[in-house]
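A.B. asks: Residues or ranges marked as domain 'Major facilitator superfamily (MFS) profile' in TrEMBL: 22-417. The feature transmembrane segment is assigned by TrEMBL to 25-47, 59-77, 89-107, 113-135, 147-169, 181-200, 221-245, 265-285, 297-318, 391-410. The region 'Disordered' annotation in TrEMBL covers 471-493. The annotation compositional bias 'Basic residues' is assigned in TrEMBL to 471-484.
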Amino acid sequence: MSAASPAPSPAPSGFWRALPREGRLMLSIVVVEFLGTGLVLPFTVVYLHEVRGFDLGDVGLLLGLPPLMGLLIVGPGGSAIDRLGARRIQLGVLTLMAVSNVLLAMARTETVAAVALAVQGIAFGASWPAWQAVVASVIPSQLRQRYFGVNFTLLNLGVGIGGVVGGLFVDVDNAASFQAIYLADGASYLPALLLLLGPLRHIGAAVTRSSADADAPATGYLAVFRSPAMATLTVLSFVSSYVGYSQLNTGFPAYARAVGEVSTRGLGLAFGANTLVIVLLQLVVLQRIEGRRRTRVIAVMGVVWSLAWLLLGLSGLVSGTLGATLLVAACASVFAFGETLLQPTIPALVNDLAPDHLRGRYNALSSGAFQLAAVIAPPVSGFLIGHALGSVYVGMLVVGCLLCGLLALARLEPQLPRHVNGVRARRRRRTVRSCRRWCHRRSEAPPARGPWLWKAASFRSHQCLTPCRGRQGRLRRRKRRTARGLRPEGVRP
């Protein structure tokens, strides 16, 4: 973490040119990689239950394996990133993801499916901190927030396209169609694998500690968590994940189906609206939040998400009607706007706080908080909705979203340096003064009467402003002293 203020971010139109070559290469493969994810994301339950014939209860247990394995592996994964380098870990992650999809495509028994999903969970647990560390090693601090936002836009674009293509291609009466999309998902990781083995083979190496820190004791997770800002940020990551993505994937569809009585087609419309809003708004939001305090952006996100969950609660008052479907779609759309505020900020905060030699552990803590929320949220939401406590469920989410804003403003903001919080360095404004006697002789500008403000382009490169202003003052004082019969300044007898 640098203590100096970051350089000002380039204009939005110059973002692509300002990126290093490695950053442009990494962004160029995001859509391809997540197009494969979109192919299989909506159909895992359908594939395991309807195509392979597994019991629905067993399918639920199988789908609990990835977040559980990810939570178990995230701690050792962060240490491995710092010791071995983020690139090496990411190579292993991509290989495991491809292998897990091949195993799922061939899974005819529950044992093979369990092994495939466990391998997938291990890969997911290490992928987030590893890839974030790779990005932070390449992208300068002043570009990270915008990079994470653009990456999130491309991610959702790939998932959306993949979901549409997968829905048109698969057939529950044809197991080969499902095998094809899982094999395609495995192949979608090959471009990233080839990039890390080829053009990007020099990035993401392990960072050695400086000679000044060589005698200091090794810093582990406990010491990292003792950092006040990182401790607060970890709690904030957990709360935002619990009331955010963990509910969007589990509680949101459960409430919409059980309480709002929305059809599956209506749910598909809601998720499509969510993706569309992100793709359309993310770049606009990035321009609006550039240079603003990231903690205050998170506070706005909390208010936006609380409004989204209130819309979901209102759908229960008009259950089974078109109004319920529209309210659920509105909830997903408003939630997407909050996502565009969250995704560029928290990853940028974590990586601007982290020293280079501890970046893996910092990202692993943030990822671990996310994984823990993903494990806790489904049973809690299932219990409340299953026991007809929908209003309590919505109230819990609204309070949790407002708590995110309170944590960001009251606790995290005082702990962050200005440059980590995304505040731009202030630029000094110079008042350009010109005079008739001197400045017009040194440029092509016409003479003017007396001192005045000059904003013409011809004077932007004028370097004699201060000497002109000082010389003009000395001439005026000399004239006044001469008129009074006094000896002029600077003239010795």
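Backbone N, Cα and C atoms are what each Cβ position is placed from, and that goes for glycine too.
Can you walk me through where each of these features ends up in the structure?
C.D. replies: Remote same-chain residues near the transmembrane segment (25-47) are listed as 19, 59, 63, 101, 104, 134-135, 138, 147, 150-151, 154-167, 169-170, 172, 178, 181-182, 184-189, 191-192, 195, 199-200 (criterion: CB distance under 8 Å, separation of at least six residues from the stretch ends).
Remote same-chain residues near the transmembrane segment (147-169) are listed as 15, 19, 23, 27, 30-43, 135, 139, 177, 180-181, 271-272, 275-276, 278-279, 282-283, 285-286, 339-340, 343-344, 347-348 (criterion: CB distance under 8 Å, separation of at least six residues from the stretch ends).
Same-chain residues lying 6 or more positions outside the transmembrane segment (297-318) and placing a CB less than 8 Å from one of its CB atoms are 236, 240, 243-244, 247, 252, 255-256, 259-260, 262, 289, 324-325, 327-328, 330-332, 334-335, 337-338, 341-342, 345-346, 390-391, 394, 397-398, 401-406, 408-409, 412, 422.
Taking Cβ pairs closer than 8 Å, the transmembrane segment (391-410) reaches residues 232, 235-236, 239-240, 242-243, 247, 251, 255, 295-296, 298-303, 305-306, 309-310, 312-313, 316, 381, 384-385 in its own chain, all 6 or more past its ends.
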A.B. asks: By a Cβ-Cβ criterion of under 8 Å, what residues six or more beyond either terminus of the transmembrane segment (113-135) are in contact with it?
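C.D. replies: Result: 23, 26, 48, 52, 54, 62-63, 65-74, 77-78, 80-81, 86-87, 89-90, 92-94, 96-97, 99-101, 103-104, 107, 144, 147-148, 151, 203-204, 347, 350-351, 359-360, 363-364, 366-367, 370-371.
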A.B. asks: Is the transmembrane segment (221-245) packed against any residues at least 6 beyond its ends, judged by a Cβ distance under 8 Å, and which are they?
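C.D. replies: Residues 75, 78-79, 298, 301-302, 305, 309, 335, 338-339, 342, 346, 349-350, 353, 358, 361-362, 365-366, 368-370, 372-374, 376-377, 396-397, 400-401, 403-404, 407-408, 411-412, 415-416, 420 contact the transmembrane segment (221-245) from elsewhere in the chain.
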A.B. asks: Are there residues at least 6 beyond the ends of the transmembrane segment (89-107) whose Cβ is under 8 Å from a Cβ of it, and what are they?
C.D. replies: 36, 40, 47-48, 52, 77, 80-81, 113, 115-117, 119-120, 122-123, 126-127, 130-131, 134, 178-179, 182-183, 185-187, 189-190, 192-193, 196-197, 204, 360
A.B. asks: Please indicate, using numbers and ranges, the residues of the same chain that are 6 or more beyond the transmembrane segment (59-77) and have a C-beta under 8 Å from a C-beta there.
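C.D. replies: Answer is 44-45, 48-49, 89, 110, 113-114, 117-118, 120-122, 124-126, 129-130, 221, 360, 364, 367-368, 371-372, 374-375, 378.
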A.B. asks: Go through the chain and flag residues at least 6 beyond the ends of the transmembrane segment (181-200) whose CB is under 8 A from any CB in it; none is fine as an answer.
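C.D. replies: Distant contacts of the transmembrane segment (181-200): 21-22, 25-26, 29, 32-37, 39-40, 43, 47, 87, 90-91, 94-95, 97-102, 104-105, 166, 169-170.
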